[in-house]
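Participant: Mind having a look at this structure? Questions to follow.
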Amino acid sequence: MNDYHLEDTTSELEALRLENAQLREQLAKREDSSRDYPLSLEEYQRYGRQMIVEETGGVAGQVKLKNTKVLVVGAGGLGCPALPYLAGAGVGQIGIVDNDVVETSNLHRQVLHDSSRVGMLKCESARQYITKLNPHINVVTYPVRLNSSNAFDIFKGYNYILDCTDSPLTRYLVSDVAVNLGITVVSASGLGTEGQLTILNFNNIGPCYRCFYPTPPPPNAVTSCQEGGVIGPCIGLVGTMMAVETLKLILGIYTNENFSPFLMLYSGFPQQSLRTFKMRGRQEKCLCCGKNRTITKEAIEKGEINYELFCGARNYNVCEPDERISVDAFQRIYKDDEFLAKHIFLDVRPSHHYEISHFPEAVNIPIKNLRDMNGDLKKLQEKLPSVEKDSNIVILCRYGNDSQLATRLLKDKFGFSNVRDVRGGYFKYIDDIDQTIPKY
């Protein structure tokens, strides 16, 4: 570098130092001028359009928001719309619990994340987004899976909790811990084109999740968005409504006198609708919030409340090892020129899954249709005219779960003997064998 360029660079650095000093001085003056106000001057500008809405309570309401701590469990389809609106509104501290990482398949609905953050922890991605949106708030992340051992430590100190999870097990856990800590919960769920929302344990007088659902749904009735799909704007609206309900709680819109338990149901298709149903209140016999409750902090932390056992789990491991083949073994027989002459290739995914991406040689009979045949071979032969009791049948599904159930069904109900499923399913084949196939 010659002397001219060195001198020029030195001058630029000096100018930057001077500008930095001036900015610091201006900031100090602004902070000094706002000492007599509950908010900084920048915060008055930031929240002004919100404070002039009469229902928010003006400056006093904004101070309530600033002094409130809200914990959001899940930074997915529900948490993504709720988080930025809570941050934008000025909630003073926001906690985010999520140990998942951002995946490409999330981005159509979890719009707080973006393509550059694939592989990043969702809680960290969310933290980066909302702190850029509002630098006046404090954000705490918990990159862990919520369980009986850590829930009390995480929840402690928060005023409100948003349950943005997608499993009954976690909903029971969140509700139980919140009741024991005296925290109000905004709880929601969504799937496909629909969603629902409610408020649990309002001010320790409202019903908890167990008051509504004393027993969990059977495992085979529970569908995740990974299995059933979800429309982004539909789940987004429900998440946004969660933020609205949280603001109403913080601002005191709901009181012990006017609060009535409710369940809001949103449907996006074919025409959008929003219905609100009155729900029953706190139940005296409830095991968690009733008079003789047994679900206590001690019982939960000691593991006496077995949530996995209580909620159950669908058992997919129903096949013997010799009834399953690896994707490598499947690849070898699939590439055989006489594959179709020797085998019947059955894809048991739902038809709309099959239409997205499939092997051209596979015949699609959804597992639901197989069940409806109730072991009637003639009904199966209407779909597969060439199938016989001694046919070699290879079954494929999305992940290798339904294919096991279908294998068991064909053997036990229909009487077939030569049936095998592909371990790991269609997606395992794509990951390990052929990445050129569309993966949805």
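All residue numbers here begin at 1 and follow the chain in the order shown.
Any Cβ shown, glycine's included, is placed from N, Cα and C.
As listed in Swiss-Prot for this protein:
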type: MOD_RES; residues: M1; note: N-acetylmethionine
type: BINDING; residues: G77, D98, S105, N106, L107, H108, R109, K122, D166, S167; note: ATP binding site
type: BINDING; residues: C208, C211, C286, C289; note: Zn(2+) binding site
type: ACT_SITE; residues: C225; note: active site, glycyl thioester intermediate
type: MOD_RES; residues: S326; note: phosphoserine
type: DOMAIN; residues: 339-438; note: domain 'Rhodanese'
type: ACT_SITE; residues: C397; note: active site, cysteine persulfide intermediate
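Each of these features: where is it, how hidden is it, and who are its neighbours?
Facilitator: S105 (ATP binding site) carries a helical DSSP state (H, G or I). The Cβ of S105 (ATP binding site) has Y440 as same-chain neighbours under 8 Å, each 6 or more residues away in sequence.
Following the DSSP three-state reduction, the secondary structure of C211 (Zn(2+) binding site) is helix.
Sequence-distant contacts of S326 (phosphoserine), defined as residues of its own chain at least six apart whose C-beta falls under 8 angstroms from its C-beta, comprise V422, R423, G424.
The local packing around C397 (active site, cysteine persulfide intermediate), expressed as other Cβ atoms within 10 Å of its Cβ over all shown chains, amounts to 25. The DSSP secondary structure for C397 (active site, cysteine persulfide intermediate) is coil.
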Participant: State the three-class DSSP label for C286 (Zn(2+) binding site), counting H, G and I as helix, E and B as strand, and everything else as coil.
Facilitator: coil
Participant: Would you mind pulling the DSSP three-state label for S326 (phosphoserine)?
Facilitator: coil
Participant: Please identify, among the recorded positions G77, L107, R109, D166, C397, the one with the smallest Cα-Cα distance to C286 (Zn(2+) binding site).
Facilitator: D166
Participant: About how far apart, in whole Å, are the alpha carbons (Cα) of C211 (Zn(2+) binding site) and L107 (ATP binding site)?
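Facilitator: A Cα-Cα distance of 35 Å.
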Participant: In sequence order, which residues at least six apart in the same chain have a CB under 8 Å from the CB of R109 (ATP binding site)?
Facilitator: G77, C80, V230, I231, G232, I235, G236
Participant: Write out how many residues of the domain 'Rhodanese' (339-438) are helix, how many strand and how many coil, based on DSSP.
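Facilitator: Its residues fall into 43 helix, 14 strand, 43 coil.
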